[in-house]
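Provided herewith is a single structure, encoded as structure tokens, for subsequent inquiry.
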Amino acid sequence: MAALHHLVLPPRLLSGHGPPPVLRFSRRPRPLVHLLPRAAAAATRASAAATAVSAPSEAALQNFRRWLSSQGAETGSVAPAVVPEGLGLVAERNLPRGEVVAEVPKKLWLDADAVAASVLGRVCGSGGDLRPWVSVSLLILREAARGGDSLWAPYLAILPRQTDSTIFWSEEELLEIQGTQLLSTTMGVKEYVQSEFDNVEAGIINVNKDLFPGTITFDDFLWAFGVLRSRVFPELRGDKLALIPFADLINHNGDITSKESCWEIKGKGFLGRDTVFSLRTPVDVKSGEQIYVQYDLDKSNAELALDYGFTESNSSRDSYTLTLEISESDPFYEDKLDIAELNGMGETAYFDVVLGESLPPQMITYLRLLCLGGTDAFLLEALFRNKVWEHLELPVSRDNEESICQVIQNACKSALAAYHTTIEEDEELLEREDLQSRHQIAVEVRVGEKKVLEQINDIFKEREQELDDLEYYQERRLKDLGFIGDNGDIIFWES
């Protein structure tokens, strides 16, 4: 799916070992049909990270509120309003934690059921072959083209035409994330969306002019994709994909750290036959303040920038993904793949390294497997098959451990060389008050990636200096057999 910007490491100078492992420094490929996350693209900072290019008029907002009321939506004491992030939900009175602030009936959702119930149902409804996000995107575009005749016209009128998501950046703006994993992922996402558009343009749009009388361009389709990507709640993915008007205006705040869900889908009315989306306040909110939620505690700044168009000044959001792969040219490829699969892994493994945190579990173990060869290859024999992973959790040999250290350090240096600025230059830029929102996103993502790369490099540089102090497989084995004492001396027996 994604175009991977990767490094194939140079041949190692150590004799007796096979080819080096393939090590890609890339954002983990994700199945886009299942990753469409939630809520309005919004920032934790004020206008510097605004997501809407232009806010809707007060008249448009009032029309939207009247529409919600006329369609049976209950919005309580909360109103949509222009806020620094673009649009948000503002409390009209003090609200305690857990209070229901909105109930949006199913008939207002844009989802697969809405597609099936529309005139599009015969070409891309629930029984069709299209992915849910593709069919819902086509519904959004058709309803937008219908103007005032659309049920959703008041809602569509307040949607922004762009966010600060990197999928909407110009070529010049993308230069600011040159060398980053975010750039390669962004381009991969756009290529994916382009491929899906080419398919539906040829197979649906062009052959159903009665349904799509106007011109639908790739930019239109990308906009609809961006709307879904930035506004859909996380549990409403895949076949459950649903865009919920009004509820999707709620913005993100990094100060909210609770993972507890603030919404539910429930039955209402006679015998609970009417389905509604119910939104609650996750914390106490004072009158006149915005209601916020936490979009996702586990997303990196690169993911936040891609999905929503903002970043956070929080080191826990800075991460870098190492993609390790068993090379098919490795003479022990089949054996290594078998061992990896026996231990719940595969030919390719992804490890997200977070700034200030330890290396991911099993990363070094997997690296040892990739670099295994030469005199250490006996561990790949069938005799050791069920125990080899346990052996790899500890240093195998000096050559193997040194190879790991050199491989990672070389890769880090190559990745760092791809950036066009230094950490110091980026930190100076972040001190400026006139930095535009997209430029700030770029700087925060690339400085975070570089800090993680330096952290990884330092870990393995320090490890390389400690190689003589490590205990390796042969020494551990001799100790188990009683041939080496606790002080490391070989034990001799007399007859």
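Every residue gets a Cβ built from N, Cα and C, even glycine.
Just so you know, TrEMBL annotations never went through curation; they're auto-generated.
The domain 'SET' annotation in TrEMBL covers 71-296. What TrEMBL lists as S-adenosyl-L-methionine binding site is E85, G86, L87, R231, N251, H252. The feature substrate binding site is assigned by TrEMBL to R231, D248, W263, Y295, Y308.
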Counting other CB atoms within 10 A of each CB, which of the binding-site residues E85, D248 comes out lowest?
D248
Enter the number of other CB atoms within 10 angstroms of the CB of G86 (S-adenosyl-L-methionine binding site).
26
Over the span of the domain 'SET' (71-296), how high is the average pLDDT in this prediction?
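Over the domain 'SET' (71-296), the predicted model scores a mean pLDDT of 92.
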List the Cα distance (Å, whole number) between D248 (substrate binding site) and R231 (S-adenosyl-L-methionine binding site).
5
Which one is it: of the binding-site residues W263, Y295, Y308, whose Cα lies the shortest distance from the Cα of N251 (S-adenosyl-L-methionine binding site)?
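Checking each of W263, Y295, Y308 against N251 (S-adenosyl-L-methionine binding site), the shortest Cα distance is to Y295.
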Given the binding-site residues E85, G86, L87, R231, which lie within 10 A of Y308 (substrate binding site) by CA-CA distance?
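Near Y308 (substrate binding site), where near means Cα within 10 Å, the binding-site residues are R231.
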Out of these binding-site residues, W263, Y295, Y308, which one has the fewest other C-beta atoms within 10 Å of its own C-beta?
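Taking W263, Y295, Y308 as the binding-site residues, the minimal 10 Å Cβ count falls on W263.
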Measuring Cα to Cα, tell me the gap between W263 (substrate binding site) and L87 (S-adenosyl-L-methionine binding site) in whole angstrom.
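Here the two Cα atoms are 19 Å apart.
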For E85 (S-adenosyl-L-methionine binding site) and Y295 (substrate binding site), determine the Cα separation and express it in whole Å.
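The Cα atom of E85 (S-adenosyl-L-methionine binding site) is 14 Å away from the Cα atom of Y295 (substrate binding site).
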Measure between the Cα atoms of every pair in E85, G86, L87, R231, N251, H252, the residues the record assigns to S-adenosyl-L-methionine, and report the largest value in Å, rounded to a whole number.
14
